[in-house]
Amino acid sequence: MKYLSIFLLATFALAGDAPISTDSKGSPSLIAKFEKTSKSNIEGTIKFTPANNGTVSVSVDLKGLPSDIGPFPYHVHEKPVPASKNCSATENHFNPYNGTVRAATPAAHEVGDLAGKHGNIMGESYKTEYDDSYISLNEKSRSYIGGLSIVIHANNGTRLNCANITLLDEGHGNANTTMSNSSSSSSQSAVNTSSSMASTAPQGNGAERAVVNGLLAAGVVGVIAALI
């Protein structure tokens with residue numbers, strides 16, 4: 001019973017609502033371009049542009065979806081798609097605030113769970129637009145999605161197709177250069193409590209943020225262990 005209590009306490013300490021992000025105004029727009037592959041006919045785009053209030057406007061325009069394995073969940077994943085186009089290499093959902101699946105509120109969802117917050121992709125062709133208050137186009141934000149990827153799943157979780165999130169307007173510069181600059185931004189100084197660590201988490205891409213989350217988890221568990 002003691003260990004169950006410790007586990008629940010650790011889970012509670014690590015999980016938290018994502019803050020509303022209103023820092024995207026003036027940031028470059030991003031896009032995920034889906035192309036047909038030998039295993040998937042899905043093609044189209046998901047665009048991310050700054051909304052007037054600083055949140056993110058999302059525009060989905062897809063076709064070629066299979067007729068018999070929908071509806072289709074889709075998420076921002078924490079790693080980019082490699083040159084091999086292996087969607088499994090994108091690893092887990094983008095989840096900088098340790099949200100949960102099937103959460104009761106949008107803030108409690110994983111930041112990258114677009115389907116959980118806004119509904120699954122439906123039908124063989126699909127178009128929709130919505131604003132998302134929790135992802136960000138600002139490179140300095142913990143919720144920044146540039147350089148990550150989007151994966152479209154079948155209703156059983158199979159990964160059907162995936163695409164990297166890159167700059168929409170090449171006038172802002174080379175997409176790879178921009179994402180690299182974000183990835184190489186310096187880490188901030190460590191602090192003594194997990195809450196302070198969370199509020200000053202380093203900038204960077206999904207790989208760096210996954211490491212930070214792991215360090216936070218280890219720190220909380222260590223504090224709990226010291227108390228028993």
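Backbone N, Cα and C define each Cβ position, glycine as well.
Copied over from Swiss-Prot:
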- HIS75, HIS77, HIS93, HIS153: Cu cation binding site (BINDING)
- 176-201: compositional bias 'Low complexity' (COMPBIAS)
- CYS87-CYS162: disulfide bond (DISULFID)
- ASN53: N-linked glycosylation site (CARBOHYD)
- ASN86: N-linked glycosylation site (CARBOHYD)
- ASN98: N-linked glycosylation site (CARBOHYD)
- ASN156: N-linked glycosylation site (CARBOHYD)
- ASN164: N-linked glycosylation site (CARBOHYD)
- ASN176: N-linked glycosylation site (CARBOHYD)
- ASN181: N-linked glycosylation site (CARBOHYD)
- ASN192: N-linked glycosylation site (CARBOHYD)
- ASN205: GPI-anchor amidated asparagine (LIPID)
- 176-204: region 'Disordered' (REGION)
- 1-15: signal peptide (SIGNAL)
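Of the listed glycosylation sites, namely ASN86, ASN98, ASN156, the sparsest Cβ surroundings within 10 Å are found at ASN156. Each residue in PRO73, TYR74, VAL76, THR90, ASN92, PHE94, GLY112, ASP113, ILE150, VAL151 lies on the same chain as HIS75, HIS77, HIS93, HIS153 and has a C-beta within 8 Å of the C-beta centroid of that Cu cation site, without being one of the site residues. Candidate binding-site residues: HIS77, HIS93. Fewest other C-beta atoms within 10 angstroms, HIS93. A Cα-Cα distance of 8 Å separates CYS162 (disulfide bond) from ASN86 (N-linked glycosylation site). Of the listed glycosylation sites, namely ASN53, ASN164, the sparsest Cβ surroundings within 10 Å are found at ASN53. Mapped onto three states, the DSSP output places CYS87 (disulfide bond) in helix. With the fewest other Cβ atoms inside 10 Å of its Cβ, the least crowded of the disulfide-bonded residues CYS87, CYS162 in this structure is CYS87. Residue pair ASN156 (N-linked glycosylation site) / HIS75 (Cu cation binding site) shows a Cα separation of 14 Å.
Other Cβ atoms within 10 Å of the Cβ of HIS75 (Cu cation binding site) number 25 in total over all chains.
According to DSSP, ASN156 (N-linked glycosylation site) is assigned to coil rather than to any helix or strand.
With a cut-off of 8 Å between CB atoms and residues at least 6 apart in sequence, the same chain places PHE72, PRO73, TYR74, HIS75, ARG159, LEU160 near HIS153 (Cu cation binding site), listed in sequence order. On the backbone, the CA of ASN164 (N-linked glycosylation site) and the CA of HIS93 (Cu cation binding site) stand 14 Å apart. The DSSP secondary structure for ASN98 (N-linked glycosylation site) is coil. When secondary structure is read from DSSP and collapsed to three states, ASN53 (N-linked glycosylation site) falls in the coil class.
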